[in-house]
Every structure is written in structure tokens, then in C-alpha cells.
Amino acid sequence: MTVTLRLEFRKLRRTRLWLTIGTLLAFELAWVTVALTRTFAQHGDIARDSGVVLGQVLQLHGLFGPLLVAIVASRLSALEHEARMVPRLFALNQSRPSLFRAKFATLLLVTLGYTAVGGAWLVGFGAMTGVTAQWKPIGIFVVGLVAANLAPIAIHLLLALVTTRQVVTLGVGILGGVAGTFVSFVPHAVSLAVPWHYYGVVNPVRMVVDDGSLTGFAPVEGIEWTVAVVAAVGAAVFLVALGIYERVARE
Amino acid sequence: MAPVDRATVVEVWPRYLPATGGCAARSVYHGRMSAPSAVRLDGPGLPGRGNDVAENTARRDSDAPVIHARGLTKRYGTQTVVDQLDMTVHRGRVYGFLGRNGAGKSTTMKMLLDLARPSAGKVSVFGLGLPEHRSRVLPRVGSLIEAPSYYGHLTGEENLDIVRVLKRLPAAEIERVLTLVGLADHRRKRASAYSQGMKQRLGLAMALMGSPELLILDEPTNGLDPAGIQEIRELIVSLPARFGATVLVSSHLLSEIEQMADTVGIIDHGHLRYQGSPRSLEDHGRLRIAVDDSAAAAATLREAGWRVTAVADGEVTLPHLPDDRIARVVRLLVEAGAQLHRVEVRRRSLEEVFLRMTSETPREPLVAA
Ligand SMILES: Nc1ncnc2c1ncn2[C@@H]1O[C@H](COP(=O)(O)OP(=O)(O)O)[C@@H](O)[C@H]1O
Ligand SMILES: [Mg+2]
């Protein structure tokens with residue numbers, strides 16, 4: 001597995017994927033930063049809380065998360081389609097599940113790296129602007145993001161690998177991103193059935209609003225369970241996608 | 001009628017001229033009548049092949065075949081692309097898989113690599129059934145299927161490195177195959193910048209990584225210039241001797257196959273219409289003698305008990321005869337005072353045989369050897 005995973009990164013050499021990801025991340029972070037600066041200015045010290053930061057991030061990442069996954073999944077697959085290397089890899093005794101798993105792991109690592117860099121930026125920004133960091137909800141949020149990524153990664157990867165035309169997976173990514181931004185308007189139970197909503201579902205704190213103004217933050221009850229459900233659904237979707245790919249990839 | 005000087009106008013046409021000849025294969029032989037009239041396929045580029053094929057056949061055929069397919073069938077929807085194909089490829093052979101475009105060559109090869117699942121029938125490679133033993137079979141096989149495949153944004157070397165890692169080979173292997181296919185000077189160039197021929201060589205290099213026991217090469221000389229074709233052909237032919245490889249190589253060009261293969265399989269509309277030595281495909285031909293007085297010559301021959309199949313103006317035709325008997329026929333005619341202008345063996349070329357076997361419309365199998 002580690003060997004095939006390393007190969008996936010080698011195949012990305014000299015592609016513009018890293019630049020694309022960097023641009024997307026910079027764009028998302030700029031957006032979050034501007035939004036947070038305005039919120040801090042509007043609501044004063046009460047808003048200088050990691051709860052506000054997490055809330056802001058979840059709103060944006062509902063849009064950027066699916067896009068990131070769709071773009072990377074599409075690139076990882078288009079690379080093989082353009083090279084006509086998929087049959088060759090199979091003839092070289094790389095199994096279909098092995099290829100799927102390697103690409104899945106690559107995507108997971110890329111999204112993890114994205115989260116890490118973005119998180120570091122926000123922690124730094126928070127420290128500079130006097131935000132009190134609450135590490136437990138931040139930790140849950142990060143774990144939640146990883147869990148939230150599983151299902152979209154599996155779905156996008158499957159789409160990108162079985163369809164040569166990347167319009168499909170990119171289109172689904174855009175729709176998923178748009179759907180993701182509506183997470184706050186949809187009941188929790190419904191969101192659990194929409195993988196692109198998972199980025200919002202895993203938010204561990206909610207704002208307490210009194211009379212239209214922010215008065216504080218409260219931890220979301222049972223968030224650990226929600227994250228566990230999201231992770232379990234993600235794992236199940238991964239296994240199903242893997243099974244489908246194994247059948248479809250054979251003429 | 002003046003007696004003919006024996007050393008002059010005796011011409012026999014034993015050499016075989018494939019693609020160019022079109023109709024009759026002919027070559028000129030001046031002098032004695034002992035010229036070999038059997039067609040030899042061990043032309044240039046095939047050292048040591050030909051005569052020893054028969055003995056090798058006997059010895060090697062007792063070994064288990066490297067590829068063994070029985071009743072192999074592939075349907076795409078309602079279209080049957082490969083139909084009840086029985087194929088046997090023996091160790092150390094170069095098996096030429098010949099068929100027009102769309103005949104089902106690539107599909108058959110894909111089934112041998114578990115890239116396509118047969119709709120019916122069985123395949124075993126090295127005596128191991130597919131797909132069950134896929135992971136034991138594939139590491140021992142090198143392949144090149146359809147158009148060359150490569151990562152265009154990676155260099156030739158980097159492309160080979162991916163294959164090397166998957167095959168768990170030492171780093172030196174890259175150097176070896178690059179040299180083998182003549183790409184050593186272009187290793188650091190991106191594959192997308194390669195010429196068509198270089199891309200094809202890169203594909204071949206990938207197939208050769210690790211010196212596999214079996215090579216499955218689908219139209220490996222596609223896109224190469226004549227010099228490149230010659231080079232790759234020589235490389236392929238040398239593989240059995242170099243590392244004991246067995247080669248299954250496809251082409252839609254007869255001239256390609258007959259210069260490489262010691263066994264031929266001809267596929268047409270998914271049916272294997274012939275499998276065996278290219279020699280037994282050949283037409284034995286007829287003996288044609290041009291004489292001044294064909295009626296008299298025919299009478300002389302018939303009187304002496306020879307079978308004359310046709311008498312035309314200035315020409316008598318006999319069935320194909322071994323060399324010593326041709327000499328007797330010539331002597332008989334010369335002694336009877338006939339003036340011989342030409343003696344030739346005319347045969348249908350392999351090209352014609354191939355064209356007759358592979359038609360535009362599907363037919364029932366003719367030969368199964
Ligand atoms: N994946 C596929 N789906 C449907 N038809 C196919 C597929 N692959 C090949 N065919 C058809 O099968 C026939 C044989 O194709 P192929 O094996 O590629 O022939 P060859 O390699 O001899 O030129 C062709 O008519 C082709 O259109
Ligand atoms: Mg083909």
C-alpha cells in the first residue's frame with residue numbers, strides 16, 4: 001500500500017495540481033479571514049472565540065471542501081485516462097482495489113494537508129487577534145473534517161475513475177459545494193444523508209444568540225456520536241465504491 | 001528442334017516474395033535444377049530458424065503450453081467479438097497473431113491479461129487458470145496492448161520507474177531496457193515530447209522490464225518508420241534466445257508476422273481460422289514449363305506416365321514435384337528434343353492465402369491445425 005501510495009505522488013510530479021490546490025486554499029483562507037475580521041469588528045470581544053472561527057470555516061468549507069475533493073479526484077484520474085495507463089497498471093498486477101485505495105489515500109492525505117495548513121493559518125490569525133482557543137472543540141472539528149471527507153472522496157473518485165469525461169465529477173463537485181452551503185437550512189437528520197453536508201454537520205459548537213445578538217457559545221450535545229456516524233458512513237461509502245470500481249473497471 | 005544447353009534457360013522460382021509479389025511467388029534460379037523448391041521462411045533476420053523448427057516443435061510441444069485457451073468467447077452486447085477461440089502458444093516461440101483490424105486480436109490479448117473477462121471459455125497461462133491466478137501470472141508477463149500508454153508529463157525514465165516499482169525490480173533494470181529499445185539518450189525527455197516511434201519504444205521498454213517469461217505485444221511496430229520496424233522486429237525475434245521468452249505478437253500485416261513468427265494464428269471475425277506453422281499454410285504450387293511445342297511436350301510426358309494438368313499455348317502445367325523429379329521431367333523433355341524456355345514453380349503467396357482466409361464477411365472456420 002505504501003508503495004502504491006508513493007507512486008501516486010510520483011505521478012503528480014510536474015503537474016499543476018499543487019498550484020491549483022494552493023490557489024484554492026489561499027482563496028478560502030482569504031475569504032475566511034476577511035469574514036472573521038468583519039465579524040470581530042461588528043460584535044466585539046464576545047466574537048473573539050474559536051466557536052466563531054469554526055462556524056465561519058464550516059460555512060465556507062461546505063463550498064470549498066467538495067470542490068477540493070472533486071478537483072483532486074478528477075486530476076488523479078484524468079492523469080491515468082490521458083496516459084491510457086489504467087489497463088497497463090492492471091496488467092502490471094496492480095489490482096483494481098489497490099489502485100482505488102492508493103488514490104483514495106492520496107486524496108485523504110491531500111485534504112489532510114489542506115486542513116493542516118488552513119488550520120495553522122487560522123490558529124495564527126486567532127492568536128494575533130486575541131481569540132481564545134478552545135482545543136477540545138478544535139480537535140473534534142479537525143477529526144470531524146477528516147471523517148466528513150471520506151464519503152465525498154470515495155464518490156468523486158469512483159466517478160472520476162469510471163467516466164473518462166471529468167465534467168461529471170467536477171459538475172457533481174460544484175453541485176455538492178452549493179448543496180454544502182445550505183447545510184444550516186436543512187434538518188440535521190437530512191444532512192446526515194448528504195455527504196456534501198458533512199463538513200457542516202461536524203461543527204462542535206453552536207452560537208447562542210439572544211435577541212438577534214451573539215451572547216456566547218455552547219458545545220453541541222453528542223457531537224462525538226455525530227462524527228462517529230459520519231466516519232462510519234464514510235467508511236461504508238468507501239467500501240461500496242471500492243466494490244463498484246472492481247466490477248466496473250473490467251471490460 | 002535443337003537440344004537445349006542444360007546450363008542455360010532453366011529457371012525455377014523458389015524464393016518467396018511476400019507482400020510485393022501479390023499473385024505468384026517467384027524468384028529466379030539459374031543453373032542446376034537442384035534448387036530448393038520448398039519455400040523457406042528463415043530469411044534474413046531469422047538466424048537459426050526454419051529448419052530446426054520441426055525438431056523444436058516435437059520437443060517443446062511435450063511441454064505444457066504457455067498460453068492455452070479453449071472456447072474463448074467475448075461478447076459485447078449482442079456482438080460476438082471473439083468466438084470459440086482455441087489457442088495454444090508453446091514455450092520459446094514467437095507466435096504471430098494475424099488478423100485484419102477489428103478481427104478480435106486486442107480483445108483476445110486483453111482476456112489473456114485479465115483485462116477483459118471472457119463471456120465463455122477458459123484461459124490458462126503458465127498452466128495457471130485466469131482470473132483465479134491473476135496475481136501469480138501477471139508478474140511473469142510483459143505486455144503492450146493497443147496504443148502506447150505513458151505519462152506524458154513524466155520523462156521516459158520516470159515512466160519506467162513506475163513500472164519498476166510495481167514490478168519490484170532493481171534500479172539498474174531501467175538502464176537495461178532503455179538501452180535495449182534504443183532510448184537511452186532520451187531518458188530525461190518528457191514522454192509527451194517523444195516521437196511516435198519513441199513512444200512505441202517506451203511502451204515496449206515497459207513490457208520488457210524484468211525480462212518476463214511471456215510477452216504479449218499488440219501491434220508493437222505501429223507508428224514506427226521502416227528502420228524502426230526492422231529494429232523492433234529483430235529485437236522481438238531475439239527475445240526467446242535472449243531470455244527464454246515466449247512471445248505473442250499481433251499484427252494486421254502478414255509481412256510483419258511472417259518475418260517474426262514461427263507459429264501463426266489467423267483470426268477473422270473472432271474465429272481462429274488457422275493455427276500452426278506458417279509453412280503448412282503455403283500452397284505447394286504447380287510446375288509450369290514453357291516449351292516451344294506444348295502439345296508435343298504434353299504427349300511425351302503423358303506417355304512417360306507423368307500427370308499433366310493443363311496444356312496451353314507454349315506451356316504445360318504439372319502438379320508440384322520434388323526437385324529430383326523436376327530434373328527427370330526436364331531431362332525427359334530435353335532428350336525428346338523439346339526446347340525449354342522456362343521452368344517455374346508457381347504458388348499462391350501467403351498473402352493470397354491470408355486474404356482468402358480473412359474476408360470482409362464472416363465465414364465458418366476453414367482450417368484448424
Ligand atoms: N469495449 C468494447 N465494447 C464494444 N465493442 C468492442 C470493445 N472492444 C472492442 N470491441 C469491438 O470488438 C471488435 C474487435 O476489436 P479488437 O479486438 O480491438 O480488434 P483488433 O485488435 O483485431 O483490431 C471490433 O469490432 C470492436 O469494435
Ligand atoms: Mg487491436
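Cβ atoms here come from the backbone N, Cα and C positions, even for glycine.
Positions annotated as transmembrane segment by TrEMBL: A:17-37, A:57-78, A:104-126, A:138-160, A:167-190, A:225-245.
Using the rule of three or more Cβ pairs under 8 Å, pairs at least 6 apart in sequence, the transmembrane segment (A:57-78) is not in contact with the transmembrane segment (A:225-245). Contacts between the transmembrane segment (A:138-160) and the transmembrane segment (A:17-37): absent, as fewer than 3 C-beta pairs lie under 8 angstroms at sequence separation of six or more. Across A:17-37, A:167-190, A:225-245, stretch A:17-37 shows the highest tally of CB pairs under 8 A with the transmembrane segment (A:104-126).
Here the transmembrane segment (A:225-245) has Cβ contacts under 8 Å with residues 96-97, 100-101, 104, 140, 143-144, 147-151, 153-155, 157-158, 161-162, 192, 195, 198, 201-202 of the same chain, all six or more residues outside its ends. Using a Cβ-Cβ cut-off under 8 Å and counting only residues 6 or more beyond its ends in the same chain, the transmembrane segment (A:167-190) has close neighbours at 58-59, 61-67, 69-71, 73-74, 77, 152, 155-156, 159-160, 196-197, 199-201.
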